[in-house]
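These notes concern the structure reproduced below.
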Amino acid sequence: MAAQVSQQYAFRAQKSLGLVSGGPDYASVAGFVVPSESARTHTYSADGRLYAYALPTTVRIFQAEGAQLLQELPLSNIVEVNFSPRGTYLSTWERPVKLEDGSQHKNLRIWSVSTGQELIAFTQKSQEGWDLQYTISESHAIRLVGPEIQVFRPAEWAKGVVDKLRVEGATSVTLSPGLNPSLAVFVAEKKGQPASIKIYNLLVLNGAPTCQKNFFKADRAQIKWNTLGTQVLLLTQTEVDNSNKSYYGETGMYLLSAAGNFDCRVTLDKEGPIHDFTWSPNSKEFGVVYGYMPAKTMIFDQRVRTLHDFGSSPHNYISFNPQGRLILLAGFGNLAGKIDIFDRRTLNKVITIDAPNTSHCDWSPDGRFLLTATLSPRLRVDNGIKIWHCTGPLVHVKMIDELYQARWRPSPVESVPPFPAQMPPAPEPSESVKEWEKTQKKPTTGVKTAGAYRPPGARGLATPAIFKREDEGGLPTRSLNASPAGSGANTPSRHYNRSPAPPGAPGYGGYNGDGGGGGYGRKHVPGAPPPGAGVDNENKKKKKKGGKKQEGGAANGDGAPVNGNATNGTPKGKKAHAHAQREQQQQLVVQPPQPPPPEIIEPSSPTTPGVDGSLDSIAKRVRNLNKKLKAIEELKEKANRGERLETTQFKKMEGEDAIRKELSELQINES
């Protein structure tokens with residue numbers, strides 16, 4: 001029963017709102033009435049006990065189990081709602097407006113969930129970080145107002161601010177979870193002064209910070225505490241990258257202990273931005289995805305010692321399941337939407353899931369299912385929700401037009417069944433999956449023929465290493481400082497070439513495959529003299545002229561070398577100008593093309609494969625069959641790597657037996 005409760009999820013779209021129960025049927029929660037108006041936001045309480053949504057003129061609070069209406073607050077223009085950790089209080093935020101009497105608009109209000117009474121109100125202009133932060137026991141609540149951190153006791157809202165801390169230049173504050181709460185205050189870099197992070201004990205705000213660290217290159221920061229609230233990770237980022245290597249600025253990462261006994265910079269061994277980072281639920285390790293694509297993923301312990309390197313892959317998202325047993329690595333956004341799931345105990349890959357166009361991804365509270373959603377306005381087509389089992393099968397699909405939000409119903413880890421030692425079996429797919437597969441052109445389990453475009457001349461051939469990703473055996477990415485040729489050192493030439501080989505392959509335009517730019521041959525014009533012939537003719541002319549001039553020079557007793565400014569045998573003034581014009585016109589006269597000598601073979605001229613007079617017909621046929629077998633072996637390797645193959649390539653692989661049979665017959669006849 002607990003597993004079914006944990007699988008409930010809620011969604012919000014432009015024209016619909018819903019609560020959906022768990023498997024196996026994934027039906028709408030009985031008793032929930034869909035409002036006729038469009039909801040502006042919705043949320044669950046942290047313990048999953050309550051559910052609320054905001055309409056243009058009202059806010060309704062429900063009991064999540066059974067969808068029983070508890071409170072209806074007559075509030076207009078509410079944009080954000082949020083529960084306190086135990087669901088005792090509800091915060092609402094609306095856009096600030098100017099009042100006629102000139103007083104401040106108190107647009108942030110706190111309500112009692114049980115009575116529906118307004119307890120306190122504040123003025124909060126920014127929507128970012130609008131809500132108060134509560135301790136896990138709801139004994140204290142804090143908010144940042146300018147450089148001042150104000151502390152409240154929710155049980156005594158009427159007393160107002162009970163404690164405060166002033167930190168000049170504070171731009172963000174994050175309250176830790178756990179029974180001994182601490183504050184992490186970030187101060188951005190300004191006017192040459194370094195940025196800093198300071199950690200204070202919430203119960204002793206007036207004392208000195210328990211830990212602090214200064215650093216440069218930090219215009220903004222993202223702070224994440226571990227579950228116990230004993231350590232904090234800080235991701236710093238600048239607005240501009242002074243090295244001009246990244247459009248999104250420079251990033252850095254630091255680890256600090258709330259007790260002040262440890263702090264250090266997290267050193268990463270690959271150049272590039274930090275895409276994502278997260279703590280494990282056990283609070284003893286964390287994962288980081290970093291570096292230029294393909295990005296690297298590493299797992300570190302609480303002393304920043306490397307535990308495991310997942311290598312380079314096109315990932316920009318990492319997440320542990322709530323039990324810390326499984327690790328999810330995925331590439332969303334402008335990446336293909338591949339999801340790789342690893343077992344934390346063995347560090348082996350469990351499955352790869354293809355979830356393209358995913359905007360939101362989240363683990364279920366029991367750690368057995370994944371919810372992926374394509375949301376608006378990022379994508380306005382194919383909006384919907386898909387639920388996957390952790391072993392790979394798709395178990396539920398719900399397509400919804402203009403979907404805005406989707407999320408699991410939260411549930412404490414102790415209230416759900418523990419994750420088993422062995423991977424749990426996947427349930428049977430719901431009827432929605434079967435109906436969805438009927439609308440698709442290809443079944444989800446069929447052959448995937450889509451892939452990158454390849455010109456006809458390059459189809460069926462191995463991809464040159466220069467065009468492969470680094471994790472697929474391609475050439476390594478070169479830093480701008482590592483190569484004098486710059487970032488385009490590995491880019492092949494774009495000039496015309498008659499070679500049948502694909503661009504970048506050995507032999508294409510004289511390309512030698514080493515990634516350098518000096519291995520390309522010159523274009524040869526058919527019918528023109530071979531390169532170097534014109535040089536020989538010029539040398540002969542110079543020798544003849546030089547012989548006559550040397551004779552004249554000897555007669556005059558002058559043995560100086562002949563040049564354009566020499567006086568021996570060279571006319572002066574107007575005669576010299578006319579003589580130069582005649583020589584220039586003679587050089588411009590197009591000579592009839594002379595066929596190149598048969599013994600001269602230019603290596604830069606592209607050759608036609610398969611033309612060899614020294615081979616008889618049987619040898620040529622054997623050679624062609626061997627080429628086909630080699631191409632088939634390369635296709636098999638691509639299929640083993642999980643790459644998508646075209647239908648023609650599958651047909652080519654099916655003809656392997658016939659090719660081998662013909663090859664054996666030819667070899668028998670030849671012998």
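Positions of Cβ are set from backbone N, Cα and C atoms, glycine also.
No curator has checked TrEMBL annotations; they are predicted automatically.
Database features (TrEMBL):
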DOMAIN    181-280  domain 'Ig-like'
COMPBIAS  415-428  compositional bias 'Pro residues'
REGION    415-614  region 'Disordered'
COMPBIAS  431-440  compositional bias 'Basic and acidic residues'
COMPBIAS  478-494  compositional bias 'Polar residues'
COMPBIAS  506-520  compositional bias 'Gly residues'
COILED    615-645  coiled coil
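Same-chain neighbours of the compositional bias 'Pro residues' (415-428): 2-3, 6, 23-24, 321, 323, 325, 343, 350, 365-368, 389-393, 395, counting only residues six or more beyond its ends whose CB sits under 8 Å from a CB of the stretch.
Mean pLDDT across the domain 'Ig-like' (181-280) comes to 88 in this model. Here the domain 'Ig-like' (181-280) is broken down by DSSP into helix, strand and coil counts: 3 helix, 49 strand, 48 coil.
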